[in-house]
Amino acid sequence: MGVDPGLTRCGVAVVEGRPGARPSLVAVGVVRTSPDMPHEFRLLRLEEGLTEWYEEYRPEALAIERVFAQHNLHSVTGISQAAGIAMLIGARHDTPVELHTPSEAKATITGSGRADKKQVAAMVARILGLAAPPRPADAADAVALAITHLWRGGVQAKYAQAAAAAARRRVS
């Protein structure tokens, strides 16, 4: 399951497939929160929405966009909190979590780590054989993250799963 973290719109996508094969899109959408809501209730709504996605699709792994420093500290704080909620859901369900940078996803999907959102969305549609890219852009980005993980994350996921199991043994 790919997650493009965001506080107003959090993109979510589920794909099926295996490395080297054309993936298929199972579901794509966004979890929305209103900027008018108190911040803590926005986070709660996001957790509820992502948990609903998780429980409906039971993904084998979560691929989440790694948050990078931006000039807008307020924006990066909300994105980081959204990413943390997605990571928490993975941990709660003992599901491997892998973080992918935007440039890693862009390079996997388009061949260039500097591709723009429009190029990524167009290639997502092409890879999946869709008539049009998923909308909004947050949803297309979540699909790109899911495909990136599917194609590149197999070995990383196994390592992360082993590391998480070792960490749980140390905590117990």
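Keep in mind that glycine also has a Cβ here, set from the backbone N, Cα and C atoms.
Cβ contacts within 10 Å of Asp4 (active site), excluding its own Cβ and spanning all protein chains shown: 30. Annotation source TrEMBL lists active site at Asp4 (among others).
Close to Glu65 (active site) in the fold, though at least 6 residues off in sequence, lie Val3, Asp4, Pro5, Ala83, Leu99, His100, Thr101, Pro102, Ala105, Asp141, Leu145, each with a CB less than 8 Å from its CB. In this structure, Glu65 (active site) is part of a beta strand by DSSP. Per TrEMBL, the feature active site maps to Glu65 (among others).
Under the heading active site, TrEMBL lists Asp138 (among others). Listed in sequence order, Asp4, Gly6, Arg9, Cys10, Gly11, Val30 are the same-chain residues at least 6 apart in sequence whose CB falls under 8 Å from the CB of Asp138 (active site).
Marked as Mg(2+) 1 binding site by TrEMBL: Asp4, Asp138.
Sequence annotations record features per position, and here TrEMBL assigns Mg(2+) 2 binding site to Glu65.
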